[in-house]
Amino acid sequence: MKKHNFSAGPSILPRVAIENAAKAILDFDGIGLSLLEISHRSADFEAVNNEAEALFRELLQVPDNYKILFLGGGASTQFFQVPYNLLEKKAGYVNTGVWANKAIKEARLFGETDVVASSEDKNFNYIPKNYTIPTDLDYLHITTNNTIYGTEYKTDIDSPVTLVADMSSDILSRPVDVSKYGLIYGGAQKNIGPAGVTFVIVREDILGKVSRKLPSMVDYRNHIANQSMFNTPPVFAIYVVRETLRWLKSIGGVPAIQKLNEEKAALLYEEIDRNPLFEGTAVKEDRSLMNICFVMTEKYADLAPQFLEFAKSKGMVGIKGHRLVGGFRASTYNALPKESVQALVDCMREFEKMHVK
Ligand SMILES: *Cc1c(COP(=O)(O)O)cnc(C)c1O
């Protein structure tokens, strides 16, 4: 049976990227060696690294005064690497849920950390707005897509201080005005690759301003000076990122994927709003295009386990909601085809026919 992969991360990748990765593991570009056994400093791999970076820059329109890094450690390492490099006096954080909270916890190890806005009062079902950003912050940190709660910033905010964003789960899903940010980071495994590589886009002039000593691996400047090869980079993961970005370019780049993502999300949200069995959990204006969270309406709450079973029998994978929100979560990342969303909608309709008289 065809599987429809709605997993939150690691998540669905373009088929062509997986096929090419499988081939490269056996014989990389016909050189008679596996991608897994060649030097990261070989010309063959350097070409992969350079192309991945160039494609990222082209697709997201990253200005020349920003560097793009591919590092290890996941977004969770960035939670401390960012304040290590940038927090001298005071940082501001917007608390939009679990991931933002983890970032706040790490920042507190390095200096004064203010939560300038939070949506905790409503279990993070919205993006805080209309707050004032203090001008004495070293930086303001936001999480542009909240993977667990299904909320997302729809536009790039204006900040009077350096803006830092965790874009793990919506990178390259929509156009971003990179010039509004000082630093953007995320794990690749939601939208642009497999687990194991972390992207960092950083404007160089924000670095080198803290007085503390930085371990070499923590200092972004070392990674910049060595084109992400200060130590052995996650070679295989970077290869799959390149393949995924090649695919993204081939289908029309960010404008095309944004349109597709909007269509997919509209299809599912329309069904959630129409079907008497289901309701969305995030406020409408902040609904994520990447992680669509919904629950059974009160009247039909008992049917939740049955719906999960039914959906599973129809090939749906990964739609159980995070335990902090409950219900269901369909992650509709870039590589998820529209047919999979249609299959889930069909499944919800069929279940409705079975249970609503
Ligand atoms: C998944 C996720 C993370 C954690 O990423 P790791 O690479 O596992 O450290 C951080 N932030 C957001 C928004 C996420 O979705």
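Heads up, the Cβ atoms here are built off N, Cα and C, so glycines get one too.
So that you can see what the record holds, here are the features copied from TrEMBL:
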type: DOMAIN; residues: 5-344; note: domain 'Aminotransferase class V'
type: BINDING; residues: R41; note: L-glutamate binding site
type: BINDING; residues: A75, S76, W99, T147, D166, Q189, N231, T232; note: pyridoxal 5'-phosphate binding site
type: MOD_RES; residues: K190; note: N6-(pyridoxal phosphate)lysine
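The separation of K190 (N6-(pyridoxal phosphate)lysine) from T232 (pyridoxal 5'-phosphate binding site), Cα to Cα, is 23 Å. Across the structure, K190 (N6-(pyridoxal phosphate)lysine) and D166 (pyridoxal 5'-phosphate binding site) place their CA atoms 12 angstrom apart. The local packing around D166 (pyridoxal 5'-phosphate binding site), expressed as other Cβ atoms within 10 Å of its Cβ over all shown chains, amounts to 28.
Across A75, S76, W99, T147, D166, Q189, N231, T232, which the record gives as binding pyridoxal 5'-phosphate, the greatest C-alpha separation is 30 Å.
Residues from the binding-site residues list (A75, S76, W99, T147, D166, T232) with a C-beta closer than 6 Å to any atom of ligand 1: A75, S76, W99, T147, D166. It is K190 that, of the recorded positions R41, K190, has its Cβ surrounded by the most other Cβ atoms within 10 Å. Taken as a whole, the domain 'Aminotransferase class V' (5-344) shows an average pLDDT of 97 in this prediction. Shown in sequence order, W99, D166, S168, Y185, G186, G187, T198 are the residues of the chain, 6+ apart in sequence, with a C-beta less than 8 angstroms from the C-beta of A75 (pyridoxal 5'-phosphate binding site).
In this structure, D166 (pyridoxal 5'-phosphate binding site) is part of a beta strand by DSSP.
With all protein chains in the displayed structure included, the most crowded Cβ environment within 10 Å among the binding-site residues S76, T147 is that of T147. Distance noted between the C-alpha atoms of Q189 (pyridoxal 5'-phosphate binding site) and the residue listed as 'L-glutamate binding site' is 24 Å. A separation of roughly 10 Å, to the nearest angstrom, links the Cα atoms of N231 (pyridoxal 5'-phosphate binding site) and R41 (L-glutamate binding site).
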